[in-house]
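Q: Structure incoming, see below.
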Amino acid sequence: MALRFPRFSQGLAQDPTTRRIWFGIATAHDFESHDDITEERLYQNIFASHFGQLAIIFLWTSGNLFHVAWQGNFETWVQDPLHVRPIAHAIWDPHFGQPAVEAFTRGGALGPVNIAYSGVYQWWYTIGLRTNEDLYIGALFLLFLSAVSLLGGWLHLQPKWKPSVSWFKNAESRLNHHLSGLFGVSSLAWTGHLVHVAIPGSRGESVRWNNFLDVLPHPQGLGPLFTGQWNLYAQNPDSSSHLFGTSQGAGTAILTLLGGFHPQTQSLWLTDMAHHHLAIAFLFLIAGHMYRTNFGIGHSIKDLLEAHIPPGGRLGRGHKGLYDTINNSLHFQLGLALASLGVITSLVAQHMYSLPAYAFIAQDFTTQAALYTHHQYIAGFIMTGAFAHGAIFFIRDYNPEQNEDNVLARMLDHKEAIISHLSWASLFLGFHTLGLYVHNDVMLAFGTPEKQILIEPIFAQWIQSAHGKTSYGFDVLLSSTNSPAFNAGRSIWLPGWLNAINENSNSLFLTIGPGDFLVHHAIALGLHTTTLILVKGALDARGSKLMPDKKDFGYSFPCDGPGRGGTCDISAWDAFYLAVFWMLNTIGWVTFYWHWKHITLWQGNVSQFNESSTYLMGWLRDYLWLNSSQLINGYNPFGMNSLSVWAWMFLFGHLVWATGFMFLISWRGYWQELIETLAWAHERTPLANLIRWRDKPVALSIVQARLVGLAHFSVGYIFTYAAFLIASTSGKFG
């Protein structure tokens with residue numbers, strides 16, 4: 001008999017029902033569970049798939065460059081970045097007739113186009129690209145890298161080129177390679193690009209392959225580097241009247257510490273960023289030489305961990321046993337990587353708007369809103385994934401004998417204290433925050449707004465003042481003209497910082513009040529509850545008082561039958577599933593807050609946010625309802641406008657989201673009966689009954705239906721908010 005899907009599990013391939021298909025898809029990437037898997041093949045498969053991932057990323061970015069060069073208006077946009085709308089690509093087949101064609105023909109295009117809200121135009125402009133030819137060359141180069149990556153993936157699956165398990169487990173070499181080779185060298189290379197191409201480009205000088213060996217990035221060349229007079233590279237920076245992309249007001253400095261923003265572009269100084277990347281390169285190049293490999297010098301990570309026994313015996317045997325535990329568990333390593341990447345992605349969201357790195361991006365409000373929201377949602381999914389793999393580690397890879405009385409074992413030993421403290425924090429935050437909001441709602445409803453409970457966030461205001469914000473009148477540290485830090489800051493480091501933090505036209509340290517205090521605590525509630533669910537899922541993954549043998553049931557199980565009542569919904573997977581809803585909920589509050597505060601800032605009526613954000617009705621009426629009106633008007637009796645595509649996506653997002661509940665609220669029995677009835681009807685319908693199936697149709701398992709429901713809920717939720725965000729922002733600011 002021919003091999004049926006899935007080839008990696010012969011047991012599943014012989015399943016006579018449609019379960020074969022869904023379980024096959026669900027376990028396709030769970031390499032550990034496949035037939036005939038060895039540790040060696042497991043590592044090699046994952047290694048090869050990384051190359052495939054890189055190939056897809058390079059192909060995707062190549063496509064961005066190619067479509068903008070082919071169908072965009074990059075060269076026109078470069079002439080006037082503030083008033084020309086950047087085009088992402090053409091719309092091939094605009095439906096709905098002539099009104100649609102007219103509505104979507106913009107940005108100086110000849111036909112219907114999509115506007116880019118990704119910030120790529122600002123990014124490419126900042127790093128020195130100026131023409132469509134530049135974009136095409138970039139696209140071809142990335143296409144080449146994509147092909148090389150695919151070749152690399154194929155090569156490392158060939159017997160001669162397969163790395164051994166010992167190579168994969170050589171932690172010191174990998175750390176050195178990634179720290180020095182990946183971060184260090186690439187940061188140094190990026191500094192080189194900024195100094196040799198981007199900074200001259202910002203001063204109106206085009207440096208390309210044909211002249212980059214002739215153009216000195218700095219008048220004195222490498223002289224100051226070799227004579228130790230490095231400060232010469234910081235002298236004569238661009239002036240505050242510098243026009244970006246021209247020589248007017250330009251200086252000659254290449255590595256500076258100016259601080260603040262370029263007055264015209266409202267983005268960080270390119271020379272500051274070059275300096276930053278050089279410093280990062282220096283640090284990482286050193287860090288990549290710290291671990292012992294073939295040369296017998298440097299640290300052994302195992303020795304470091306073994307030696308690290310905290311004083312007083314309070315953490316038992318400290319980090320003994322951790323090296324082998326982590327180095328032999330791919331799930332532990334993936335959990336650590338995802339936790340780090342999740343935090344970094346969220347930090348990217350926070351810093352992209354407050355410290356914009358790309359020229360003119362701060363004035364493109366829709367792009368700012370889209371990038372913030374995008375990075376926060378990505379961060380949420382990555383962070384929940386970190387806990388999922390942490391839980392799988394405890395179920396599949398954790399060895400109690402190997403970790404006796406070390407920090408990992410002690411986490412499990414006092415998990416009740418950890419979980420109950422998190423529970424207490426969540427309850428406290430939830431009841432108090434909701435109590436304040438509801439009290440204020442009632443006061444507004446009764447016509448006595450002066451009886452609201454409004455709490456000034458004085459500690460946060462004090463922290464902002466310490467960083468130099470003067471409007472609160474705290475007169476402390478950098479906001480005090482008498483402090484040594486203030487005086488040093490004027491000359492030695494970041495003289496532009498204090499101007500930037502007290503300037504009202506950027507998003508640096510926004511002024512905060514009672515509305516911010518409340519929403520901050522609502523977000524804290526969401527973060528703590530999400531963390532509670534995830535931490536409990538991981539710490540109880542091996543077993544709990546209710547179900548001591550839980551680890552024998554694996555990561556995801558629906559229940560342990562009727563004989564052990566109450567074992568439903570307690571698998572580690574169920575914790576992940578619940579946590580994703582809370583994660584989405586929390587990021588909803590975060591993005592609502594960010595967006596509403598910024599809309600009022602950009603429109604110059606911050607009082608609307610300040611007055612309406614202290615009670616729930618204010619959020620519902622003055623943020624959600626007020627800003628969705630343009631969206632709902634995408635189609636109206638007078639035809640359609642350029643927001644109509646977002647109006648459609650808003651409706652479609654709600655549809656997908658609502659479909660999620662069909663899977664989340666009805667379970668297997670209902671679907672099984674429905675499927676059997678439909679199959680009966682099919683088999684008795686002429687013509688239709690000519691179509692037969694080999695697999696007996698059965699309903700999804702409870703766990704699978706939950707996954708499908710969760711996927712629809714998440715995708716619909718994000719689609720709906722994306723349409724709302726882009727339409728309400730672009731509708732106001734063009």
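Positions of Cβ are set from backbone N, Cα and C atoms, glycine also.
Pasting the feature list from Swiss-Prot:
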| type | residues | note |
| --- | --- | --- |
| TRANSMEM | 46-69 | transmembrane segment |
| TRANSMEM | 135-158 | transmembrane segment |
| TRANSMEM | 175-199 | transmembrane segment |
| TRANSMEM | 273-291 | transmembrane segment |
| TRANSMEM | 330-353 | transmembrane segment |
| TRANSMEM | 369-395 | transmembrane segment |
| TRANSMEM | 417-439 | transmembrane segment |
| TRANSMEM | 517-535 | transmembrane segment |
| BINDING | C559, C568 | [4Fe-4S] cluster binding site |
| TRANSMEM | 575-596 | transmembrane segment |
| TRANSMEM | 643-665 | transmembrane segment |
| BINDING | H654 | chlorophyll a B1 binding site |
| BINDING | W671 | phylloquinone binding site |
| TRANSMEM | 707-727 | transmembrane segment |
Q: Long-range same-chain neighbours of H654 (chlorophyll a B1 binding site), Cβ under 8 Å, sequence gap at least 6?
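A: The answer is G716, T720.
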Q: Please give the sequence-distant neighbours of the transmembrane segment (369-395): residues at least 6 beyond its ends with Cβ less than 8 Å from one of its Cβ atoms.
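A: Hits for the transmembrane segment (369-395): 117-119, 329, 331-332, 334-336, 338-339, 341-343, 345-346, 348-349, 352-353, 412, 530, 534-535, 537-539, 541-542, 551, 554-555, 572-573, 575-576, 579-580, 583-584, 586-587, 590-591, 594-595, 598, 718, 721-722, 725-726, 729.
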Q: Could you give the Cα-Cα distance between the residue listed as 'phylloquinone binding site' and C559 ([4Fe-4S] cluster binding site), in whole Å?
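A: C559 ([4Fe-4S] cluster binding site) has its Cα 19 Å from the Cα of the residue listed as 'phylloquinone binding site'.
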Q: Indicate whether W671 (phylloquinone binding site) is helix, strand or coil by DSSP.
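A: Its secondary structure by DSSP: helix.
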Q: Same chain only, sequence gap of 6 or more: which residues have a CB within under 8 Å of the CB of C568 ([4Fe-4S] cluster binding site)?
A: P558, C559
Q: Could you name the stretch, out of 135-158, 643-665, 707-727, with the greatest number of CB pairs under 8 A to the transmembrane segment (575-596)?
A: 707-727
Q: Ranking 135-158, 417-439, 643-665, 707-727 by Cβ pairs under 8 Å to the transmembrane segment (517-535), which is first?
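A: It is 417-439, which has the most Cβ pairs under 8 Å.
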Q: Under a three-state reading of DSSP, tell me whether H654 (chlorophyll a B1 binding site) is helix, strand or coil.
A: helix
Q: Report, as numbers and ranges, which residues of the same chain sit near the transmembrane segment (707-727): CB under 8 Å and 6 or more residues beyond its ends.
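A: Long-range Cβ neighbours of the transmembrane segment (707-727): 26, 117, 366, 369-370, 373, 377, 577, 580-581, 584, 588, 591, 595, 627-628, 630-631, 634, 643, 646-647, 649-650, 652-664, 700.
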